[in-house]
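**Student:** In case it helps, TrEMBL gives these features for our protein:
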- 203-369: domain 'Helicase ATP-binding' (DOMAIN)
- 430, 433, 470, 473: Zn(2+) 1 binding site (BINDING)
- 439, 442, 457, 460: Zn(2+) 2 binding site (BINDING)
Ligand SMILES: Nc1ncnc2c1ncn2[C@@H]1O[C@H](COP(=O)(O)OP(=O)(O)OP(=O)(O)O)[C@@H](O)[C@H]1O
Ligand SMILES: [Zn+2]
């Protein structure tokens, strides 16, 4: 058989058939280069019977040009790609592209030239060269990447190579990673940890699909416990994938992994240099990289010998991708485990209701760690009713929290204040004329960032310098900040306890893995007294001297009114509370709220997680919401408002009529303008058993739209804006 079918990476084309020239070997999964008109395209050989296409007569078939020097995408990964395309109503090629995530890796191994400082510094330097020298310490990368880091042109750097300030280094992109040693530093596990670990290890050894919900309170040692399963997989000669929700968490994970296994694992995330990406992808594909820790995109790496998947902090919503292929990495991880026939561990102290429900139904095995490791107790939780205990005018920290902060400082212990809002203030207006700063590309207010003296949109990244005068009425010094952001809270802390060393931790300050590492280092060495942070500091971290957690505004997350608002609030506050008192010294948590009577606040105060989840489960059941019913969204957008509206109306006008499917809209999306595109949404609610995907596919397939219109389908949406 020398006819092959290829999945090609061109949005406008379906699968194409080609001929395999004499002497060339391909198999399903092979990555090939094929001609398309005068151009060349990359394709993946696929089983023809699984990928219908129009048959081309044999004499018209063009031969493929060559096979790329990488192993074929393994069959379980091909099945996963098909499943994702089908489940998330996405083009197969768009999903497959996520597996071929390093184009350099596809071209083969070989060497890359990178550059680094030599230490030689001429006496006279241009300002640009000085800037480059300042910023390139400890960096080694290609000229293009260094230019980005240093903020100078590639020409400047080339000049520096010529004068010996920078030197070339040849890097072999196929050099292997050091191997983790499963027995490097084994820990004695507590009886609860042992019980859970044994179950997971048995499943790893049996090499069978088994999802586990590792449900352990904060500080119970979930990481140490699943490390046992990782160890068993390495020993069995298999590869392991650990998914983390954020790059910021990777740093402390790398350290802990190294302490247990002797070397750091291979990491995979969006800020890898291209040479690191190429090396990691190839080492994974050849089965050489043993343990990979990564963000959700690591899920599509071509592991040939996977033995275990771990999803840590599995409840995190950042596992949901909200553009391109809109998938949920937690769910896709379970499916990959299914196709690979390996166990999948979902670890969390605050599991998603969906995951608990799967455990209830017997589909996941629930392993419980009911207590903190080493005898530490869970922190005491107190509610601060803001209606009775008001902060001073223009302040946000109420007297009980002020007192607690001062006390910690006197005792030399650390505090953490949590507010999930970046910047100084969420809204800025003119005192004189009432003008409000709005994003030109989005229906959203600009957020003041005082540290960088800018007003920024948190949706599209649009930024302007904070003006001296109101752009509307021209008054000078008339801008007022409304409401708090973390920067404002940090200022307030500095006023309350001026001697305290305050660290602001948000995605604006922890901008790289190196910055994250620096923060962890400082906090662990007690060079920080008070941490003020967004959701970035709520999970994963383990600082033994941190004994006070203050939640500035527990009501904030409840305002949006979205399906998961209460659950998310519970998770966020329980996680941040879980940072307190993790070692010998007991922890205390103060939660500021105007609604102490709200079910979620009451549950947090009493620590009665089960009651909260039960009530929430009943509410979801009544509403036909997940996991009992299905939601899906269709989002229509265009830069032209009328065009978007017309397309949404056309979709609405052909809505199918089913008894068990309810279709709402089209209506302008709550965020009706985003990144310059006008948006309309339709929401679909269906009973669990009905096939929402099939309904949507058949509904949208016959419709045609102008080229400027985008129609996105979001199955199991998390975002309702
Ligand atoms: N068996 C053990 N031997 C030694 N140290 C342990 C053991 N189990 C846990 N620890 C230590 O206890 C601390 C808390 O454990 P870990 O961070 O794994 O908890 P966790 O359950 O992941 O918490 P969270 O969900 O809050 O992130 C860590 O410093 C960890 O190294
Ligand atoms: Zn914007």
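Any Cβ shown, glycine's included, is placed from N, Cα and C.
Give me the lay of the land around each of these features.
**Tutor:** The secondary structure of residue 430 (Zn(2+) 1 binding site), as reduced to three states from DSSP, is extended strand.
Cβ neighbour count for residue 460 (Zn(2+) 2 binding site): 17 (other Cβ atoms within 10 Å of its Cβ, all protein chains included).
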**Student:** Average pLDDT across the domain 'Helicase ATP-binding' (203-369)?
**Tutor:** 94
**Student:** Check the binding-site residues 430, 433, 470, 473 for any whose Cβ is under 6 angstroms from an atom of ligand 2, and report them in sequence order.
**Tutor:** none
**Student:** For the Zn(2+) 1 site (430, 433, 470, 473), what does the 8 A shell look like? I mean other same-chain residues with CB within 8 A of the CB centroid.
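**Tutor:** Nearby residues not in the site list: 431, 432, 434, 435, 471, 472, 474, 475, 478.
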**Student:** Using all protein chains shown, find which of the binding-site residues 439, 457, 470, 473 scores highest when you count other CB atoms within 10 A of its CB.
**Tutor:** 439
**Student:** Have a look around residue 430 (Zn(2+) 1 binding site) and count the other CB atoms within 10 A of its CB, chains all included.
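**Tutor:** Counting Cβ neighbours of residue 430 (Zn(2+) 1 binding site) within 10 Å gives 19.
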**Student:** List the Cα distance (Å, whole number) between residue 457 (Zn(2+) 2 binding site) and residue 430 (Zn(2+) 1 binding site).
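**Tutor:** Here the two Cα atoms are 18 Å apart.
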**Student:** Counting only other Cβ atoms and using a 10 Å cut-off, which of the binding-site residues 433, 442 scores lowest?
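**Tutor:** Candidates: the binding-site residues 433, 442. Fewest Cβ atoms within 10 Å: 433.
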**Student:** Which of the binding-site residues 430, 433, 473 has its Cα nearest to the Cα of residue 442 (Zn(2+) 2 binding site)?
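**Tutor:** For residue 442 (Zn(2+) 2 binding site), the closest Cα among 430, 433, 473 is found at 430.
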